[in-house]
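Reviewing the structure listed below.
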Amino acid sequence: MDLYRKKFAVLDLTHGGIPIAKSLAAAGNEVSGIDVYRTVKPETLLELEEKYGIHCSKTPLPASGFDLIVAPVHLDPAYPMLLEARAQKKKVLSHHEIVGEILKGDSRLSSIKTVEVTGVKAKTSTASLLADMLSRQFEVVLHTSRGLECWKAGASSLIYKGLSITPGSILVAVEKTFEAGFRPDFFIFEISIGGTGTADLGILTTLSPDYGIANNTALASEAKLQLIKHAKSGSTLLINAGAEKALKAAKKDQVKVLTFRDPFNDQLSATSVQIADFVLETVPETSALSVPSELVMPSGLQKPAGLSGSSEPDSLSGSSTSAGLSDSSMPAGSTEFQASPTPSGSDIRFMRRGKKILSASLRPGYNVSAYRTAFVAASAAAIELGTKPEAIISAIEGFRGLSGRMQEKEMNGVSLIDNSNSGMDILSAEKALDYALLKRKDEKKEGIILVLGEESSQVCEGLPPELVQGFIEKFGAKCKQVILVGERMKAVNGKNISYARDLTEGLSKASEFAGGDDIILSSVKCFR
């Protein structure tokens with residue numbers, strides 16, 4: 001697509017429209033930015049006008065004055081400029097599509113492999129685990145809701161913090177990476193509600209639970225199918241086997257389609273269970289980590305130029321070492337890696353088309369069930385991208401959970417279950433409470449202090465107060481105290497309830513209520 005000397009209207013400067021407008025203006029286009037939600041500060045709009053030559057408006061402009069309209073998939077189709085554009089049969093591009101076109105024109109990306117991860121759940125954990133796995137062999141830059149990070153040899157360093165996961169933020173992530181002097185082998189982007197069509201590997205973690213977007217005129221699952229429908233020819237798609245809508249949409253004659261299955265997902269149909277290429281299983285006892293020699297370096301996607309392609313397994317670092325032993329129970333030609341004992345007693349086994357590729361022992365300190373999708377999706381992606389199984393094992397066995405994603409820790413001597421993140425929703429809060437109740441029973445704890453709510457209604461559609469009210473009515477009695485976070489939560493009523501402005505204040509109040517044998521459960525929707 002020719003992106004030169006066109007008249008663009010970029011709608012929604014709140015959710016990633018600003019970097020899109022800047023990129024289009026820098027390419028020699030005449031750009032107008034529409035602050036649809038009227039949330040952008042006047043000084044920011046003035047800077048866009050004076051420094052970048054972008055005309056800004058807080059009200060709709062006539063669609064007839066533009067060659068192309070750029071709008072996010074979540075924008076209400078009844079917005080005047082979109083209504084006019086459809087009536088005039090004017091082309092409307094999504095933020096995802098225009099970002100894809102901009103990225104295609106960036107020659108700096110030509111030698112870098114790109115992975116995009118989208119879905120309802122497990123995006124951040126899948127992307128983060130994959131970055132860890134790949135970094136054992138390659139240099140990786142990871143962009144998620146946790147920040148922009150460079151990964152090398154299983155360790156990360158922060159490049160930049162404060163970006164959202166809107167498609168427009170990818171443009172900023174790329175610039176910040178190159179400005180910092182990094183030239184990675186892989187970019188991994190967590191992206192909300194779809195894909196840009198430029199990924200070498202696209203990962204769809206889940207499509208459920210589905211929800212309405214664009215003023216409830218469309219489903220988020222349909223928008224996420226952009227990852228599938230716009231996938232570039234020759235790329236690979238890794239899709240949750242339960243996402244049948246996505247499997248039907250995939251152009252299998254143009255892209256390679258692989259599926260993965262979490263066996264604990266009760267939403268899978270019998271048909272879906274049969275077609276999965278990659279499956280995660282639990283192992284009742286600690287077992288040897290076997291890596292069949294023919295699976296040590298799968299072909300998958302072509303590796304970045306200049307990287308070694310040795311198929312010989314290296315000794316594992318961390319909790320696993322190369323034993324070099326044989327066992328009659330293992331398939332011929334296998335190399336056995338013996339797992340060191342771990343106190344968790346929880347093992348997983350990773351299968352490809354019915355054949356075991358690897359198994360690993362998990363560390364304690366986090367809710368393993370919250371990461372099942374991430375374990376199987378990241379492992380499948382890593383195998384497809386040419387990662388050695390022992391690197392995958394090392395990453396899994398060293399994994400301690402992600403902050404805000406069912407990680408267990410202590411705060412002032414009190415047990416804390418941290419479930420506060422941008423993807424937290426009321427269903428996640430229910431599951432977290434179930435887990436906390438089990439932990440209370442198993443560890444003979446006393447009460448549960450629940451911190452629940454939102455830091456801002458702008459965080460991924462926020463947490464609807466009416467759903468929180470229903471949650472309190474149903475589960476509030478199970479908690480010793482409930483601390484509701486956010487201005488909108490003041491409308492929620494119930495027994496043993498107090499209120500806090502933000503997560504920090506909520507946790508501070510929880511510490512005041514909690515005794516040494518209590519559990520604090522933090523489930524607040526926020527950027528972290």
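Keep in mind that glycine also has a Cβ here, set from the backbone N, Cα and C atoms.
Sequence-distant neighbours of Ala122 (ATP binding site) (same chain, 6+ residues apart, CB-CB distance under 8 A): Thr205, Thr206, Tyr371, Thr373, Ala374, Ala377. If you look up Swiss-Prot, you'll see Gly119, Val120, Lys121, Ala122, Lys123, Thr124, Ser125 marked as ATP binding site.
Annotated compositional bias 'Low complexity' per Swiss-Prot: 306-329, in sequence order.
Positions annotated as compositional bias 'Polar residues' by Swiss-Prot: 331-345.
According to Swiss-Prot, the feature region 'Disordered' maps to 300-348.
A Cβ within 8 Å of the Cβ centre of Gly119, Val120, Lys121, Ala122, Lys123, Thr124, Ser125, the residues given for ATP, is found for these other residues of the same chain: Val117, Thr126, Thr205, Thr206, Thr373, Ala374, Gly423. For Ser125 (ATP binding site), the same-chain residues that are 6 or more apart in sequence and have a Cβ closer than 8 Å to its Cβ are Ala370, Tyr371, Thr373, Ala374, Ala378, Leu402, Arg405. Proximity of Val120 (ATP binding site) to non-local residues of its own chain (separation of 6 or more, Cβ distance below 8 Å) is seen for Thr205, Thr206, Leu207, Ser208, Pro209, Asp210, Tyr211, Ala220, Lys224, Gly423, given in sequence order. Lys121 (ATP binding site) falls outside any helix or strand according to DSSP and counts as coil. Per-site Cβ counts within 10 Å over the binding-site residues Lys121, Lys123 peak at Lys123.
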